[in-house]
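Below: one structure, written as structure tokens.
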Amino acid sequence: MAPPTRIGLAGLAVMGQNLALNIAEKGFPISVYNRTTSKVDETVERAKQEGDLPVYGFHDPESFIQSIQKPRVVIMLVKAGAPVDQTIKTLSAYMDKGDCIIDGGNEWYENTERREKEMPGLGLLYLGMGVSGGEEGARNGPSLMPGGSFEAYKYIEDILLKVAAQVPDSGPCVTYIGKGGSGNFVKMVHNGIEYGDMQLIAEAYDVLKSVGKLSNEELHSVFSEWNKGELLSFLIEITADIFGIKDDKADGYLVDKVLDKTGMKGTGKWTVQQAADLSVAAPTIAASLDSRFLSGLKEERVEAAKVFKSGGFGDILTDQVVDKAKLIDDVRQALYASKICSYAQGMNLIRAKSIEKGWDLKLGELARIWKGGCIIRAIFLDRIKKAYDRNPELANLLVDPEFAKEIIDRQSAWRRVVCLAINSGISTPGMSTSLAYFDTYRRERVPANLVQAQRDYFGAHTYERVDMDGSFHTEWFKIAKKLQD
Ligand SMILES: *[C@@H]1O[C@H](CO)[C@@H](O)[C@H](O)[C@H]1NC(C)=O
């Protein structure tokens, strides 16, 4: 019989296969299992081809579990929800006290907390681990966000440290996130931030293309250039690539043939729902979610465009001559400033949840493990880490002295881009709402006094005063009536 392996992995879709190969490549013999046995054979075959990696396949759950050294650790990479419960049921039947199950999927954090509570009954430990980086990341180094049992984390820490993406000067992109479902929660917000980044980039593209009339060749070189500076990131890099790719089925560029409808799987929606539940303003992330909803109404938009065109309302209202070089520079600055607002919202959401749940999450550490491996990896995250290093209690990224200075330097360009877009009839919901977020947050006095007065007028909700302590109510209606008489 072969010696026991160090770890097991169940669920061999591409993510699972790639993560198993990555673990084996780092020198940890791994057992793999999938109910569909052809997936098992496929994985073992790939392991052979990619360098005789120590991957051992099993066609039944019992021999799979028994092949792993004790205490056993099994990572599941199956679809969130019911398949996770089913897989736990199958595997746990053969597991012993002290063994550990790790869910590596995009699970709703409360499901992880429910399962974690059920585990002691089985004598097992549980981790909910966010894995970001897509298929490529899983194979070559993802960003890992494990939360739950610290004991379980310690037992596999050596594996995770090697398997995660490695970033020079800041280390492997993994850390113990915290208790309960915190790993899944942090991964969820990571995805919400990813929605924001993608939307802001799409708006930059729209303004440059629709108002600035840049060609795909020009966009390719603009984004390639941006990727050498403060915007350097995975998403900017792939965006530059996309503009360079020709259609393989017809003339022209492929990006122009892609239908303007965005899909989604739910983590962005959960982020916005959580923000609302916790009373945290996350307008940039919400705007990116709304933009996906509106993008889905393709047929309605086609009809609406007809209605407004026949009413004399063209697609683009601009007849202004734009200075291309200046526009490109302005858009770059608007994108960067908006991005600061978006990350500020995501970080504040994580902190609010951490306080509610007592997770004690370290925001600077999160920024560090997002520097490599994951979809939002960017040089920008280093500045966020430094901001929280300077002040772990920072109320908002916007008021960190360095970010504040960056925003001040960019605000004129940011306002020019938003105004130009509005005047041209191009919607830039992410950039506009980010600017509104900034303009609201930085103002000492906002018009909420009037809203509160209205609430007291019709609902006797009372109000506080700027000049005295206490709670006040005024008979607004009676006084107004008297004035009219
Ligand atoms: C095995 O593979 C199938 C098809 O790829 C998948 O639906 C299923 O969830 C996998 N996982 C397990 C643990 O059997």
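All positions are counted from 1 along the displayed chain.
Glycine too: its Cβ is placed from the backbone N, Cα and C atoms.
Automatic prediction, not curation, is the source of TrEMBL annotations.
N106 is the residue from N22, N106 that TrEMBL records in the NADP(+) site together with G11, L12, A13, V14, M15, G16, N34, R35, T36, V78, K79, A80. Taking each of the binding-site residues N34, T36 in turn and counting other Cβ atoms within 10 Å of its Cβ gives the largest count for N34. Sequence-distant neighbours of H190 (substrate binding site) (same chain, six or more apart, CB under 8 Å from its CB) are G130, S132, S143, M145, G346, W370, C374, I375, I376, listed in sequence order.
G11 are the recorded positions among G11, G133, E194, R292, H461 whose C-beta comes within less than 6 Å of an atom of ligand 1, given in sequence order. With respect to Cβ neighbours within 10 Å, the binding-site residues R292, H461 differ, and H461 shows the lowest count. Using Cα positions, the member of the recorded positions K187, R292, H461 nearest to G11 (NADP(+) binding site) is identified as K187.
Of the binding-site residues A13, M15, M15 has the largest number of other Cβ atoms within 10 Å of its own Cβ.
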